[in-house]
Amino acid sequence: MAGNMLANYVQVYVMLPLDVVSVDNKFEKGDEIRAQLKKLTEAGVDGVMIDVWWGLVEGKGPKAYDWSAYKQVFDLVHEAGLKLQAIMSFHQCGGNVGDVVNIPIPQWVRDVGATDPDIFYTNRGGTRNIEYLTLGVDDQPLFHGRTAVQMYADYMASFRENMKKFLDAGTIVDIEVGLGPAGEMRYPSYPQSQGWVFPGIGEFICYDKYLEADFKAAAAKAGHPEWELPDDAGEYNDTPEKTQFFKDNGTYLTEKGKFFLSWYSNKLIKHGDKILDEANKVFLGCRVQLAIKISGIHWWYRVPNHAAELTAGYYNLDDRDGYRTIARMLTRHHASMNFTCAEMRDSEQSEEAKSAPEELVQQVLSAGWREGLHVACENALGRYDATAYNTILRNARPKGINKNGPPEHKLFGFTYLRLSNELLEGQNYATFQTFVEKMHANLGHDPSVDPVAPLERSKPEMPIEMILKAAQPKLEPFPFDKNTDLPVKDHTDVGDEVLVAPV
């Protein structure tokens, strides 16, 4: 029976603090992290996830990598007997929800922007976003002779070379490739650093000269040289109906609007495809899984225009699946999809935001599973309460436990945001331990579950037309039960109050 039940086991990881390595690339919290890892091990956790910041490791100059601090952290993780998910963090820390520290991208890269500010994502008003390089420079050799994609590939190759010990030992099991702000495959359409507040629709971010030239060339090729980038899509904190682009029968439904949205979302898919191809070459043969993260943009999901998703680059409408296209691209690289907001309930959201996190999770997970992917999840906000854990448990096994073998569907893993002393104290720790136990189908910790095979080479390039076939028809998501069949009991005695903590 235990053998059959093991197929229901979902691995649990915990995200390490953003500043586990200091802003001057030193590891100074050895005793604190060692003690915290011990408590995670005692709770039965499978592993941890860590941001490996580009701005720290290659901060001193082109190819002047310094991995020493990360090697010290990885040694502690290895000693604790935990697995490790490493994020190739090519973005800035600072400017997004939960960012408590500021780690910019390398100064020598930003210096290129002093003479060519178009290396950064730009909104229609001309404001630059320095969190991540625009995908418009993916193939532009502007960085001491290298393109952006070459810089990312070289960084990953140096990581593989320097972390060979941990790759060979099976400590590092997952390489999550950062593809945009907050490490997510999206445009920086809702930057808090520029005044965006929830539930603003965000803005299209494609007005740097490189993306603008690309759009003009694409429009001319399509026989419409007169088409320009949108000028009617509003500003960060607008509601959809305030804009000509997103209102009922707005621009987004016209030939011109559809052309723009296809171009905008396809550029993002090609960006991910290109960088994953490099990652696959670098980690070929390693026992690791490649992964990307998709942002959980749950606001304005319940209106036909899905405005906030569209500005982020997810061309998702009621009759078009904007996530299955991404999933199909991932199949080429044997990569997995990591999604967020796994803890959210619709009932916790404000009515004005037209938010539907539960339906969004259902759609995205179903899209990944239909394409045969491993799908993982995270929580968006720090929570310690049974309600949140039970929502995660429901999403981890949507139709519950199967005592005779694999469940109909299950998450490949779940990563909890984020490690803190608060998580490891008193009732919070006790509830978290119970949650881990339930994710493990009450079987206790088992490191042999879901072993990772050596990474195979990416399949031949997939034409964008084949990828886009996944968008329509938009199929109904797989059914999800309302509640989990292995719930965490609520011991918090706070009634219906939701405990929310900063991540």
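Cβ atoms here come from the backbone N, Cα and C positions, even for glycine.
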Substrate binding, same site as Asp51, Asp99, Lys293, His298, Thr340, Asn379, Ala380, Arg418 - Swiss-Prot member from His78, His91, His409: His91
Cβ contacts of Glu378 (active site, proton acceptor) (under 8 Å, same chain, 6 or more positions away): Met15, Lys293, Asn338, Phe339, Thr340, Ala342, Phe414, Thr415, Tyr416, Leu417
Residue, out of the binding-site residues His298, Arg418, whose Cβ gathers the largest set of other Cβ atoms within 10 Å: His298
Secondary-structure category, per DSSP, in which Glu184 (active site, proton donor) falls: strand
Other C-beta atoms that fall within 10 angstroms of the C-beta of Asp99 (substrate binding site): 18
For Glu184 (active site, proton donor): intrachain residues, at least 6 apart, with Cβ closer than 8 Å: Lys293, Ile294, Ser295
Other C-beta atoms that fall within 10 angstroms of the C-beta of Asp51 (substrate binding site): 23
